[in-house]
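These come from Swiss-Prot:
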- 27, 81, 163, 167: Mn(2+) binding site (BINDING)
């Protein structure tokens, strides 16, 4: 067995105008595919550890040292992107009632949540991700990680993710990351967020 690159659940151009087809094609077929290939190359060196990336990245000390950073970078990159694709929707969706209530409880209002999430995504220096997670106490929390690090390694369960690597937005938004973040909020798959939230609580 090997880690497989998942197909996008929609056409490359399905998220336009927010996310353009060329970016989606490059992002999925080149960047994500490279993470998958490099993950498999690392795992082949240690077949005894298996291929459950979520379990491995939940406690990176259990990953053999010679492939640990490769799996953090590439295994994390695969998991992060596989989740990211599912969190995007060609059809505009309203926030589901359960998630809306949880956001109100945690942040005071949806606008306050959006402001804090945007700040986390904008403030992540260099490459990384912004996240809405369910923490160990079962509470919603906004966080960000560098590079392809995953909140799973901190014992947190991601339910919303935004890739803020420049490869995710530079063709369309150039250096204006805030416009990309604003566009992201227009194409979130809130049904998937709800599904992840219910499973993580």
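Every residue, even glycine, has its Cβ placed from backbone N, Cα and C.
A quick note: this is a predicted structure, and the numbers were derived from the prediction, not measured.
Distribution of Swiss-Prot features across the structure.
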residue	record	CB count, 10 Å
27	Mn(2+) binding site	23
81	Mn(2+) binding site	24
163	Mn(2+) binding site	23
167	Mn(2+) binding site	13
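In the three-state DSSP classification, residue 163 (Mn(2+) binding site) falls within a strand.
Summary of the Mn(2+) site environment: with the site residues 27, 81, 163, 167 set aside, the chain residues having Cβ atoms within 8 Å of the Cβ mean position are 28, 31, 32, 84, 165, 168.
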